[in-house]
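**Q** The following feature annotations were taken from Swiss-Prot:
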type    : residues : note
MOD_RES : Ser20    : phosphoserine
MOD_RES : Ser32    : phosphoserine
MOD_RES : Ser34    : phosphoserine
MOD_RES : Ser78    : phosphoserine
MOD_RES : Ser82    : phosphoserine
MOD_RES : Thr97    : phosphothreonine
MOD_RES : Ser106   : phosphoserine
MOD_RES : Thr110   : phosphothreonine
MOD_RES : Thr114   : phosphothreonine
MOD_RES : Thr159   : phosphothreonine
MOD_RES : Ser222   : phosphoserine
REGION  : 1-45     : region 'Disordered'
REGION  : 242-264  : region 'C-terminal Sororin domain'
Amino acid sequence: MAERRTRSGGAAQRSGPRTSLTKPSKSSKRKSGSDLPNSFSEIWPRTTPAVPVRKAIVLKKIVAHAVEVPDVHTVRRSPRISFILEKENNPPLKVPTKEDLFKTCSVPGTPSSTPVLYTQNVEPDSGEAELDSRDLEMSQKVRRSYSRLQSLGCASTSTPGRRSFFGFEGPDDLPGVSPVVCSKLIETPKVPAKDLVPARTKDLVPDSTKDLVPARTLPGISPPVVKEKRKKKVPEILKSELDKWAVAMNAEFEAAEQFELLIE
């Protein structure tokens, strides 16, 4: 027992220093703030900074074009007349200058010494004389058209209760023209009834209205005479013939029912 204990003690003594020699040290050195830049240089190697390149940028400012206005403002006769009196399909070869524009806009037929603005007042008396003669002529034409009304005193029809008889001397002439007036006032020449009324309707019209019936047989205007359609005569079938026909049909039906149809 003592030997075992000594052996175990010796083994323990021997194993003690062995464990202390083989045990690795887990402690690591912490890097301070002064050592950080050295560590970054180890990770990322230093590179020389590239030289900055300058690029030229062009900035353009949009400015409105200066409008060239001619020095002398000429009075244009009409806004439709253009400065360049040329056709669109035949453009001019040279660019027109201010002098060319001034020449084309000048009014033809007027001297260069006289101004353009005073051309409207040339010979005012002749224009007034023409207008007066034309007014006189037109007034005479108008008076002719209304002279008939003025003589009768019926030119004004603005009053609602006043009747106007345009083209007639008075109300006595109206019954002979107006169809609305009673038929007793109408004096028509008596025409024989044969000429006015057709042969078929002659007996139907009473004697009092025979004179008032207008002629309906006008060539090219009156409607065509409609003829009465005649009824077709249906042939009568005797009862004895119907009975014979029924007996024959019944016999045929009975023969068809008694027929024996054999199917193998």
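Each residue's number is its place along the chain shown, starting with 1.
Using the three backbone atoms N, Cα and C, a Cβ is placed for every residue, glycine included.
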**Q** Mean pLDDT for the region 'C-terminal Sororin domain' (242-264), rounded to an integer?
**A** 89
**Q** Which residue counts does DSSP give the region 'C-terminal Sororin domain' (242-264) for helix, strand and coil?
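**A** Counting residues by DSSP class gives 17 helix, 0 strand, 6 coil.
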**Q** Within 10 angstroms of the C-beta of Thr97 (phosphothreonine), what count of other C-beta atoms is obtained when all protein chains are considered?
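**A** The Cβ of Thr97 (phosphothreonine) has 10 Cβ neighbours within 10 Å.
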